[in-house]
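Visitor: Here's the feature list from TrEMBL:
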DOMAIN    17-501  domain 'Major facilitator superfamily (MFS) profile'
TRANSMEM  12-30  transmembrane segment
TRANSMEM  53-71  transmembrane segment
TRANSMEM  110-133  transmembrane segment
TRANSMEM  140-163  transmembrane segment
TRANSMEM  169-187  transmembrane segment
TRANSMEM  203-222  transmembrane segment
TRANSMEM  234-253  transmembrane segment
TRANSMEM  274-293  transmembrane segment
TRANSMEM  305-326  transmembrane segment
TRANSMEM  333-354  transmembrane segment
TRANSMEM  366-388  transmembrane segment
TRANSMEM  400-423  transmembrane segment
Amino acid sequence: MSNQAPAQFTPPSLLLTTIGLSLATFMQVLDTTIANVALPTISGNLGVSYEQGTWVITSFAVSNAIALPLTGWLSRRFGEVKLFIWATLLFVLASFLCGIAQSMPELVGFRVLQGVVAGPLYPMTQTLLIAVYPPAKRGMALALLAMVTVVAPIAGPILGGWITDSYSWPWIFFINVPIGLFAAAVVRQQMRTRPVVTSRQPMDYIGLLTLIVGVGALQVVLDKGNDLDWFESSFIIVGSLISLVFLAIFVIWELTDRHPVVNLRLFAHRNFRIGTLVLVGGYAAFFGINLILPQWLQTQMGYTATWAGLAVAPIGLLPVVLSPFVGKYAHRFDLRVLAGLAFLAIGTSCYLRAGFTSDVDFQHVALVQLFMGIGVALFFMPTLSILLSDLPPQQIADGSGLATFLRTLGGSFAASLTTWIWIRRADQHHAYLSEHISAYDPTTRHTLEQLGGATPQHYAQLEQMLNGQAYMMSTVDYFTLMTWVFAGLILLVWLAKPPFTAKAGPASAGH
(Lines of atoms letter the chains of each structure in order from A and count residues from 1; the text may use other names and numbers.)
(Lines give C-alpha, C1' and ligand atoms only; values in the text may rest on other atoms or scores of the structure.)
Protein backbone atom coordinates (compact mmCIF):
# COMPACT_ATOMS: atom_id res chain seq x y z
CA MET A 1 0.00 0.00 0.00
CA SER A 2 1.51 3.32 -1.04
CA ASN A 3 2.24 5.97 1.51
CA GLN A 4 3.01 8.60 -1.11
CA ALA A 5 0.66 11.37 -2.18
CA PRO A 6 -0.40 11.52 -5.84
CA ALA A 7 2.44 12.73 -8.04
CA GLN A 8 1.22 16.33 -8.40
CA PHE A 9 0.97 16.83 -4.62
CA THR A 10 4.18 17.52 -2.74
CA PRO A 11 3.86 17.50 1.07
CA PRO A 12 3.55 21.34 1.24
CA SER A 13 0.99 21.28 -1.58
CA LEU A 14 -1.00 18.54 0.14
CA LEU A 15 -0.96 20.50 3.41
CA LEU A 16 -2.17 23.66 1.66
CA THR A 17 -4.93 21.74 -0.12
CA THR A 18 -6.04 20.20 3.17
CA ILE A 19 -6.17 23.62 4.82
CA GLY A 20 -8.23 25.07 1.96
CA LEU A 21 -10.73 22.21 1.97
CA SER A 22 -11.01 22.13 5.77
CA LEU A 23 -11.50 25.90 6.08
CA ALA A 24 -14.51 25.78 3.78
CA THR A 25 -16.08 23.01 5.85
CA PHE A 26 -15.23 24.80 9.11
CA MET A 27 -16.94 27.92 7.77
CA GLN A 28 -20.05 25.98 6.75
CA VAL A 29 -20.38 23.96 9.97
CA LEU A 30 -19.71 27.09 12.04
CA ASP A 31 -22.70 28.77 10.41
CA THR A 32 -25.06 26.08 11.68
CA THR A 33 -24.64 27.43 15.24
CA ILE A 34 -22.98 30.86 15.13
CA ALA A 35 -26.27 32.76 14.77
CA ASN A 36 -27.99 31.03 17.70
CA VAL A 37 -26.79 33.34 20.47
CA ALA A 38 -27.20 36.44 18.28
CA LEU A 39 -30.92 35.82 17.64
CA PRO A 40 -32.22 38.21 20.33
CA THR A 41 -30.01 41.00 18.97
CA ILE A 42 -30.87 40.27 15.33
CA SER A 43 -34.60 40.12 16.10
CA GLY A 44 -34.49 43.38 18.04
CA ASN A 45 -32.49 45.24 15.38
CA LEU A 46 -34.79 44.09 12.59
CA GLY A 47 -37.95 44.84 14.57
CA VAL A 48 -39.43 41.35 14.92
CA SER A 49 -40.22 39.02 17.82
CA TYR A 50 -37.79 36.35 18.95
CA GLU A 51 -40.15 33.64 17.63
CA GLN A 52 -40.09 35.24 14.17
CA GLY A 53 -36.32 35.56 14.45
CA THR A 54 -35.91 31.79 14.83
CA TRP A 55 -36.62 31.50 11.09
CA VAL A 56 -33.02 32.66 10.64
CA ILE A 57 -32.04 29.24 11.99
CA THR A 58 -34.88 27.24 10.46
CA SER A 59 -34.41 28.63 6.93
CA PHE A 60 -30.74 27.62 6.86
CA ALA A 61 -31.43 24.16 8.31
CA VAL A 62 -34.25 23.40 5.84
CA SER A 63 -32.43 24.53 2.70
CA ASN A 64 -29.18 22.86 3.76
CA ALA A 65 -30.94 19.56 4.46
CA ILE A 66 -32.57 19.63 1.02
CA ALA A 67 -29.31 20.42 -0.80
CA LEU A 68 -27.14 17.77 0.88
CA PRO A 69 -28.47 14.67 -0.92
CA LEU A 70 -28.16 16.46 -4.29
CA THR A 71 -24.37 16.55 -3.97
CA GLY A 72 -23.77 13.34 -5.91
CA TRP A 73 -25.82 14.44 -8.92
CA LEU A 74 -24.25 17.92 -8.92
CA SER A 75 -20.71 16.53 -8.72
CA ARG A 76 -21.32 14.24 -11.69
CA ARG A 77 -22.87 17.07 -13.67
CA PHE A 78 -20.28 19.79 -13.02
CA GLY A 79 -17.21 18.01 -11.64
CA GLU A 80 -16.14 17.72 -8.02
CA VAL A 81 -13.55 20.51 -7.89
CA LYS A 82 -15.68 22.97 -9.85
CA LEU A 83 -18.69 22.22 -7.61
CA PHE A 84 -16.61 22.80 -4.48
CA ILE A 85 -15.19 26.12 -5.71
CA TRP A 86 -18.52 27.51 -6.92
CA ALA A 87 -20.31 26.37 -3.75
CA THR A 88 -17.66 28.14 -1.67
CA LEU A 89 -17.84 31.37 -3.68
CA LEU A 90 -21.64 31.40 -3.62
CA PHE A 91 -21.52 30.78 0.13
CA VAL A 92 -19.30 33.86 0.44
CA LEU A 93 -21.79 35.90 -1.59
CA ALA A 94 -24.76 34.64 0.45
CA SER A 95 -22.91 35.44 3.69
CA PHE A 96 -22.22 38.99 2.53
CA LEU A 97 -25.87 39.43 1.57
CA CYS A 98 -26.94 38.15 5.01
CA GLY A 99 -24.71 40.78 6.60
CA ILE A 100 -26.25 43.68 4.66
CA ALA A 101 -29.87 42.50 5.02
CA GLN A 102 -32.15 45.33 6.18
CA SER A 103 -35.25 43.29 7.08
CA MET A 104 -36.14 39.85 8.39
CA PRO A 105 -37.62 38.64 5.04
CA GLU A 106 -34.37 39.65 3.32
CA LEU A 107 -32.23 37.88 5.91
CA VAL A 108 -34.33 34.71 5.79
CA GLY A 109 -34.17 34.69 1.98
CA PHE A 110 -30.39 35.05 1.99
CA ARG A 111 -30.10 32.35 4.68
CA VAL A 112 -32.05 30.02 2.37
CA LEU A 113 -29.52 30.73 -0.38
CA GLN A 114 -26.67 30.23 2.09
CA GLY A 115 -28.06 26.86 3.19
CA VAL A 116 -28.53 25.63 -0.39
CA VAL A 117 -25.00 26.46 -1.56
CA ALA A 118 -23.53 25.13 1.72
CA GLY A 119 -24.97 21.68 1.02
CA PRO A 120 -22.12 20.32 -1.15
CA LEU A 121 -19.25 21.72 0.94
CA TYR A 122 -18.86 18.98 3.56
CA PRO A 123 -19.44 16.01 1.20
CA MET A 124 -17.10 17.51 -1.40
CA THR A 125 -14.41 18.17 1.20
CA GLN A 126 -14.63 14.55 2.29
CA THR A 127 -14.60 13.25 -1.29
CA LEU A 128 -11.65 15.41 -2.39
CA LEU A 129 -9.60 14.57 0.70
CA ILE A 130 -10.04 10.87 -0.03
CA ALA A 131 -9.03 11.52 -3.64
CA VAL A 132 -5.81 13.45 -2.97
CA TYR A 133 -4.46 11.36 -0.07
CA PRO A 134 -2.77 7.99 -0.66
CA PRO A 135 -4.69 4.98 0.72
CA ALA A 136 -2.53 4.57 3.83
CA LYS A 137 -3.04 8.21 4.84
CA ARG A 138 -6.73 8.68 4.11
CA GLY A 139 -7.49 7.95 7.74
CA MET A 140 -5.45 11.03 8.65
CA ALA A 141 -7.48 13.15 6.22
CA LEU A 142 -10.80 11.92 7.61
CA ALA A 143 -9.56 12.42 11.19
CA LEU A 144 -8.68 16.05 10.45
CA LEU A 145 -12.11 16.54 8.90
CA ALA A 146 -13.71 14.98 11.99
CA MET A 147 -11.80 17.44 14.18
CA VAL A 148 -13.22 20.34 12.16
CA THR A 149 -16.72 18.86 12.42
CA VAL A 150 -16.48 18.69 16.22
CA VAL A 151 -14.76 22.00 16.94
CA ALA A 152 -16.80 24.25 14.61
CA PRO A 153 -20.27 23.84 16.20
CA ILE A 154 -18.76 24.27 19.67
CA ALA A 155 -16.90 27.41 18.60
CA GLY A 156 -20.01 28.81 16.86
CA PRO A 157 -22.00 30.06 19.89
CA ILE A 158 -18.86 31.30 21.68
CA LEU A 159 -17.59 33.18 18.62
CA GLY A 160 -21.08 34.41 17.73
CA GLY A 161 -21.63 35.82 21.21
CA TRP A 162 -18.26 37.56 21.28
CA ILE A 163 -18.70 39.11 17.81
CA THR A 164 -22.24 40.28 18.60
CA ASP A 165 -21.17 41.85 21.91
CA SER A 166 -17.89 43.35 20.65
CA TYR A 167 -18.89 44.46 17.16
CA SER A 168 -22.33 43.92 15.61
CA TRP A 169 -24.35 40.93 14.41
CA PRO A 170 -23.64 41.37 10.64
CA TRP A 171 -20.02 40.42 11.34
CA ILE A 172 -21.03 36.85 12.20
CA PHE A 173 -21.69 36.59 8.45
CA PHE A 174 -18.97 38.92 7.16
CA ILE A 175 -16.20 36.78 8.70
CA ASN A 176 -17.03 34.11 6.10
CA VAL A 177 -15.94 36.38 3.25
CA PRO A 178 -12.14 36.30 3.69
CA ILE A 179 -12.18 32.67 4.86
CA GLY A 180 -14.23 31.51 1.87
CA LEU A 181 -12.25 33.52 -0.69
CA PHE A 182 -8.98 32.12 0.66
CA ALA A 183 -10.31 28.53 0.64
CA ALA A 184 -11.63 28.82 -2.93
CA ALA A 185 -8.39 30.39 -4.19
CA VAL A 186 -6.22 27.72 -2.57
CA VAL A 187 -8.26 24.79 -3.89
CA ARG A 188 -8.44 26.29 -7.38
CA GLN A 189 -4.67 26.86 -7.44
CA GLN A 190 -3.76 23.42 -6.10
CA MET A 191 -6.25 21.46 -8.22
CA ARG A 192 -6.18 23.45 -11.46
CA THR A 193 -4.51 20.62 -13.42
CA ARG A 194 -6.83 17.87 -12.24
CA PRO A 195 -8.97 16.19 -14.87
CA VAL A 196 -12.67 17.04 -14.79
CA VAL A 197 -14.90 13.96 -14.82
CA THR A 198 -18.53 14.75 -15.64
CA SER A 199 -21.58 12.99 -17.03
CA ARG A 200 -24.73 14.61 -18.39
CA GLN A 201 -27.46 12.69 -16.64
CA PRO A 202 -31.05 13.89 -17.06
CA MET A 203 -32.51 15.75 -14.10
CA ASP A 204 -34.94 13.74 -12.01
CA TYR A 205 -37.52 16.51 -11.56
CA ILE A 206 -40.09 14.35 -9.77
CA GLY A 207 -37.47 13.13 -7.30
CA LEU A 208 -36.23 16.68 -6.77
CA LEU A 209 -39.73 18.08 -6.19
CA THR A 210 -40.75 15.35 -3.73
CA LEU A 211 -37.41 15.74 -1.92
CA ILE A 212 -37.81 19.51 -1.54
CA VAL A 213 -41.39 19.32 -0.28
CA GLY A 214 -40.93 16.22 1.90
CA VAL A 215 -37.67 17.20 3.58
CA GLY A 216 -38.63 20.87 3.78
CA ALA A 217 -41.90 20.05 5.56
CA LEU A 218 -40.18 17.56 7.88
CA GLN A 219 -37.46 20.04 8.85
CA VAL A 220 -40.03 22.75 9.63
CA VAL A 221 -42.05 20.28 11.73
CA LEU A 222 -38.96 19.28 13.70
CA ASP A 223 -37.85 22.87 14.17
CA LYS A 224 -41.25 24.22 15.26
CA GLY A 225 -42.70 21.15 16.99
CA ASN A 226 -41.70 22.06 20.54
CA ASP A 227 -42.83 25.67 20.19
CA LEU A 228 -46.27 24.64 18.88
CA ASP A 229 -46.80 21.70 21.28
CA TRP A 230 -46.44 19.12 18.52
CA PHE A 231 -49.65 17.41 17.46
CA GLU A 232 -51.81 19.79 19.45
CA SER A 233 -51.15 22.16 16.54
CA SER A 234 -52.93 21.83 13.19
CA PHE A 235 -49.83 23.33 11.55
CA ILE A 236 -47.69 20.43 12.80
CA ILE A 237 -50.31 17.84 11.83
CA VAL A 238 -50.61 19.17 8.27
CA GLY A 239 -46.83 19.52 7.94
CA SER A 240 -46.30 15.94 9.14
CA LEU A 241 -48.84 14.55 6.67
CA ILE A 242 -47.29 16.49 3.79
CA SER A 243 -43.84 15.24 4.76
CA LEU A 244 -44.99 11.62 5.12
CA VAL A 245 -46.77 11.54 1.75
CA PHE A 246 -44.03 13.26 -0.26
CA LEU A 247 -41.18 11.31 1.34
CA ALA A 248 -43.00 8.02 0.65
CA ILE A 249 -43.39 9.03 -3.01
CA PHE A 250 -39.74 10.12 -3.06
CA VAL A 251 -38.43 6.77 -1.79
CA ILE A 252 -40.57 4.72 -4.19
CA TRP A 253 -39.66 6.93 -7.15
CA GLU A 254 -35.91 7.01 -6.41
CA LEU A 255 -35.75 3.23 -6.11
CA THR A 256 -37.40 2.74 -9.50
CA ASP A 257 -36.09 5.66 -11.59
CA ARG A 258 -33.16 5.02 -13.97
CA HIS A 259 -31.42 8.29 -13.08
CA PRO A 260 -32.39 9.11 -9.46
CA VAL A 261 -31.38 12.46 -8.04
CA VAL A 262 -30.50 10.61 -4.80
CA ASN A 263 -29.10 7.10 -5.11
CA LEU A 264 -30.93 5.17 -2.40
CA ARG A 265 -29.60 1.91 -3.85
CA LEU A 266 -26.40 2.61 -1.95
CA PHE A 267 -28.09 0.98 1.05
CA ALA A 268 -27.67 -2.35 -0.72
CA HIS A 269 -24.02 -2.15 0.37
CA ARG A 270 -23.70 -3.70 3.83
CA ASN A 271 -21.02 -1.42 5.25
CA PHE A 272 -22.69 1.72 3.94
CA ARG A 273 -25.96 0.61 5.52
CA ILE A 274 -24.43 -0.28 8.89
CA GLY A 275 -21.98 2.62 8.90
CA THR A 276 -24.68 5.17 8.12
CA LEU A 277 -26.95 3.77 10.83
CA VAL A 278 -24.10 3.96 13.34
CA LEU A 279 -23.13 7.48 12.21
CA VAL A 280 -26.69 8.82 12.38
CA GLY A 281 -27.51 7.09 15.68
CA GLY A 282 -24.25 8.10 17.32
CA TYR A 283 -24.39 11.68 16.08
CA ALA A 284 -28.05 12.13 17.07
CA ALA A 285 -27.38 10.82 20.58
CA PHE A 286 -24.21 12.91 20.89
CA PHE A 287 -26.05 16.00 19.62
CA GLY A 288 -28.88 15.47 22.09
CA ILE A 289 -26.75 15.03 25.20
CA ASN A 290 -24.76 18.16 24.40
CA LEU A 291 -27.99 20.08 23.86
CA ILE A 292 -29.46 19.12 27.23
CA LEU A 293 -26.37 19.86 29.32
CA PRO A 294 -26.08 23.64 28.63
CA GLN A 295 -29.87 24.02 28.90
CA TRP A 296 -29.84 22.38 32.32
CA LEU A 297 -26.84 24.43 33.47
CA GLN A 298 -28.50 27.71 32.46
CA THR A 299 -32.12 27.10 33.43
CA GLN A 300 -31.63 25.09 36.63
CA MET A 301 -28.07 25.60 37.86
CA GLY A 302 -27.81 29.38 37.45
CA TYR A 303 -25.02 29.42 34.87
CA THR A 304 -24.75 32.32 32.45
CA ALA A 305 -24.57 31.54 28.72
CA THR A 306 -20.83 32.22 28.79
CA TRP A 307 -20.13 29.90 31.73
CA ALA A 308 -22.37 27.18 30.30
CA GLY A 309 -20.41 27.43 27.05
CA LEU A 310 -17.12 27.18 28.93
CA ALA A 311 -18.37 24.12 30.84
CA VAL A 312 -19.30 22.37 27.59
CA ALA A 313 -16.27 23.53 25.55
CA PRO A 314 -13.67 21.02 26.91
CA ILE A 315 -15.25 18.34 24.74
CA GLY A 316 -13.45 19.92 21.79
CA LEU A 317 -9.96 19.96 23.34
CA LEU A 318 -8.94 16.30 23.12
CA PRO A 319 -10.20 15.82 19.53
CA VAL A 320 -7.83 18.61 18.46
CA VAL A 321 -4.91 16.80 20.12
CA LEU A 322 -5.87 13.19 19.36
CA SER A 323 -7.33 13.39 15.84
CA PRO A 324 -3.95 13.51 14.04
CA PHE A 325 -2.79 10.43 15.97
CA VAL A 326 -6.06 8.60 15.30
CA GLY A 327 -5.68 9.33 11.60
CA LYS A 328 -2.02 8.29 11.53
CA TYR A 329 -2.35 4.98 13.35
CA ALA A 330 -5.97 3.95 12.72
CA HIS A 331 -5.04 1.67 9.80
CA ARG A 332 -3.22 -0.59 12.27
CA PHE A 333 -6.46 -1.44 14.06
CA ASP A 334 -9.83 -2.92 13.25
CA LEU A 335 -11.96 0.21 12.82
CA ARG A 336 -14.83 -1.50 14.63
CA VAL A 337 -12.62 -1.58 17.74
CA LEU A 338 -11.95 2.17 17.48
CA ALA A 339 -15.64 2.96 16.95
CA GLY A 340 -16.54 0.66 19.84
CA LEU A 341 -14.04 2.45 22.09
CA ALA A 342 -15.58 5.77 21.02
CA PHE A 343 -19.04 4.63 22.07
CA LEU A 344 -17.64 3.16 25.30
CA ALA A 345 -16.03 6.51 26.21
CA ILE A 346 -19.13 8.55 25.34
CA GLY A 347 -21.41 6.03 27.07
CA THR A 348 -19.21 6.13 30.19
CA SER A 349 -19.45 9.92 30.14
CA CYS A 350 -23.24 9.64 30.03
CA TYR A 351 -23.09 7.23 32.98
CA LEU A 352 -21.00 9.75 34.93
CA ARG A 353 -23.46 12.50 34.05
CA ALA A 354 -26.29 10.32 35.32
CA GLY A 355 -24.57 10.55 38.71
CA PHE A 356 -24.74 14.36 38.77
CA THR A 357 -26.61 16.05 41.60
CA SER A 358 -27.76 19.62 42.06
CA ASP A 359 -24.49 20.22 43.96
CA VAL A 360 -22.22 19.33 41.02
CA ASP A 361 -19.53 21.95 40.45
CA PHE A 362 -18.06 23.47 37.28
CA GLN A 363 -14.85 21.42 37.45
CA HIS A 364 -16.74 18.12 37.59
CA VAL A 365 -18.91 19.03 34.61
CA ALA A 366 -15.90 20.19 32.59
CA LEU A 367 -13.85 17.07 33.41
CA VAL A 368 -16.61 14.75 32.21
CA GLN A 369 -16.83 16.80 29.01
CA LEU A 370 -13.07 16.51 28.61
CA PHE A 371 -13.28 12.72 28.98
CA MET A 372 -16.08 12.57 26.42
CA GLY A 373 -13.67 14.22 23.99
CA ILE A 374 -11.76 10.92 23.82
CA GLY A 375 -14.84 9.26 22.38
CA VAL A 376 -15.47 12.10 19.96
CA ALA A 377 -11.89 11.86 18.65
CA LEU A 378 -12.41 8.15 17.93
CA PHE A 379 -15.95 8.40 16.52
CA PHE A 380 -16.04 10.19 13.18
CA MET A 381 -13.00 8.88 11.33
CA PRO A 382 -13.65 5.11 11.83
CA THR A 383 -17.36 5.52 11.16
CA LEU A 384 -16.82 7.50 7.95
CA SER A 385 -14.23 4.99 6.75
CA ILE A 386 -16.57 2.06 7.42
CA LEU A 387 -19.57 3.53 5.59
CA LEU A 388 -17.53 4.48 2.50
CA SER A 389 -15.45 1.30 2.41
CA ASP A 390 -17.59 -0.88 0.15
CA LEU A 391 -18.81 1.82 -2.27
CA PRO A 392 -17.47 1.91 -5.85
CA PRO A 393 -15.18 4.94 -6.46
CA GLN A 394 -17.75 6.72 -8.63
CA GLN A 395 -20.31 6.57 -5.80
CA ILE A 396 -18.18 8.12 -3.02
CA ALA A 397 -19.70 11.59 -3.54
CA ASP A 398 -23.24 10.12 -3.53
CA GLY A 399 -22.53 8.18 -0.36
CA SER A 400 -20.90 11.10 1.42
CA GLY A 401 -23.77 13.44 0.54
CA LEU A 402 -26.47 10.96 1.55
CA ALA A 403 -24.76 10.04 4.84
CA THR A 404 -24.21 13.70 5.71
CA PHE A 405 -27.85 14.47 4.90
CA LEU A 406 -29.09 11.68 7.17
CA ARG A 407 -26.66 12.74 9.91
CA THR A 408 -28.01 16.30 9.69
CA LEU A 409 -31.57 15.00 9.81
CA GLY A 410 -30.64 12.87 12.83
CA GLY A 411 -29.38 16.00 14.57
CA SER A 412 -32.67 17.75 13.82
CA PHE A 413 -34.66 14.85 15.29
CA ALA A 414 -32.40 14.88 18.34
CA ALA A 415 -32.78 18.64 18.84
CA SER A 416 -36.57 18.39 18.84
CA LEU A 417 -37.17 15.07 20.59
CA THR A 418 -34.49 15.47 23.26
CA THR A 419 -35.93 18.74 24.54
CA TRP A 420 -39.46 17.31 24.42
CA ILE A 421 -38.46 14.15 26.34
CA TRP A 422 -36.52 16.18 28.91
CA ILE A 423 -39.40 18.59 29.60
CA ARG A 424 -42.10 15.88 29.63
CA ARG A 425 -40.08 13.71 32.00
CA ALA A 426 -39.50 16.71 34.29
CA ASP A 427 -43.26 17.38 34.31
CA GLN A 428 -43.88 13.76 35.36
CA HIS A 429 -41.34 14.00 38.17
CA HIS A 430 -42.81 17.33 39.25
CA ALA A 431 -46.29 15.84 39.45
CA TYR A 432 -44.99 12.90 41.49
CA LEU A 433 -43.06 15.11 43.91
CA SER A 434 -46.01 17.49 44.28
CA GLU A 435 -48.17 14.67 45.59
CA HIS A 436 -46.02 14.65 48.72
CA ILE A 437 -46.23 18.40 49.31
CA SER A 438 -48.80 19.18 51.98
CA ALA A 439 -49.13 21.54 54.92
CA TYR A 440 -49.76 18.42 57.02
CA ASP A 441 -46.63 16.61 55.81
CA PRO A 442 -43.81 16.77 58.43
CA THR A 443 -41.07 17.09 55.79
CA THR A 444 -42.92 19.94 54.08
CA ARG A 445 -43.47 21.76 57.40
CA HIS A 446 -39.80 21.31 58.30
CA THR A 447 -38.66 22.69 54.94
CA LEU A 448 -40.96 25.72 55.25
CA GLU A 449 -39.69 26.36 58.78
CA GLN A 450 -36.12 26.36 57.45
CA LEU A 451 -37.16 28.87 54.79
CA GLY A 452 -38.78 31.12 57.40
CA GLY A 453 -42.43 30.08 57.62
CA ALA A 454 -45.48 29.14 55.56
CA THR A 455 -45.80 32.41 53.64
CA PRO A 456 -46.67 32.76 49.91
CA GLN A 457 -43.08 33.82 49.26
CA HIS A 458 -41.70 30.71 50.91
CA TYR A 459 -44.19 28.47 49.12
CA ALA A 460 -42.86 30.00 45.88
CA GLN A 461 -39.32 29.14 46.98
CA LEU A 462 -40.46 25.60 47.74
CA GLU A 463 -41.99 25.35 44.26
CA GLN A 464 -38.71 26.53 42.75
CA MET A 465 -36.81 23.85 44.69
CA LEU A 466 -39.35 21.26 43.55
CA ASN A 467 -38.96 22.31 39.92
CA GLY A 468 -35.18 22.15 40.15
CA GLN A 469 -35.32 18.66 41.62
CA ALA A 470 -37.73 17.50 38.90
CA TYR A 471 -35.37 18.69 36.15
CA MET A 472 -32.42 17.13 37.97
CA MET A 473 -34.22 13.77 37.99
CA SER A 474 -35.20 14.19 34.33
CA THR A 475 -31.57 14.92 33.43
CA VAL A 476 -30.41 11.79 35.25
CA ASP A 477 -33.07 9.72 33.45
CA TYR A 478 -32.01 11.06 30.07
CA PHE A 479 -28.30 10.37 30.54
CA THR A 480 -29.10 6.89 31.84
CA LEU A 481 -31.06 6.22 28.65
CA MET A 482 -28.18 7.51 26.52
CA THR A 483 -25.78 5.17 28.34
CA TRP A 484 -27.81 2.23 27.04
CA VAL A 485 -28.06 3.75 23.55
CA PHE A 486 -24.27 3.88 23.23
CA ALA A 487 -24.01 0.35 24.60
CA GLY A 488 -26.29 -0.74 21.74
CA LEU A 489 -24.14 1.12 19.19
CA ILE A 490 -21.08 -0.83 20.38
CA LEU A 491 -22.84 -4.02 19.31
CA LEU A 492 -24.24 -2.57 16.09
CA VAL A 493 -20.89 -1.48 14.64
CA TRP A 494 -19.65 -5.09 14.71
CA LEU A 495 -22.16 -6.00 12.00
CA ALA A 496 -19.89 -4.23 9.47
CA LYS A 497 -17.44 -6.40 7.51
CA PRO A 498 -13.76 -5.57 6.82
CA PRO A 499 -11.74 -4.42 4.89
CA PHE A 500 -12.48 -0.74 5.57
CA THR A 501 -10.18 1.15 3.21
CA ALA A 502 -12.01 4.06 1.54
CA LYS A 503 -11.50 4.21 -2.21
CA ALA A 504 -10.58 7.32 -4.18
CA GLY A 505 -13.38 8.78 -6.23
CA PRO A 506 -13.45 10.03 -9.80
CA ALA A 507 -11.55 13.11 -8.85
CA SER A 508 -8.43 11.06 -8.57
CA ALA A 509 -8.59 9.82 -12.10
CA GLY A 510 -5.44 10.12 -14.04
CA HIS A 511 -3.02 9.84 -11.14
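Note that Cβ sites are derived from N, Cα and C of the backbone, with glycine treated the same way.
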Visitor: Given the cut-off of 8 Å on Cβ pairs that are 6 or more apart in sequence, determine whether the transmembrane segment (110-133) and the transmembrane segment (333-354) share at least 3 such pairs.
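Guide: Not in contact, no.
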Visitor: What stretch, picked from 140-163, 234-253, 305-326, 366-388, has the most CB pairs under 8 A with the transmembrane segment (169-187)?
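Guide: Looking only at 140-163, 234-253, 305-326, 366-388, the most contacts with the transmembrane segment (169-187) come from 140-163.
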Visitor: Could you pull the average pLDDT for the domain 'Major facilitator superfamily (MFS) profile' (17-501)?
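Guide: PLDDT averaged over the stretch: 84.
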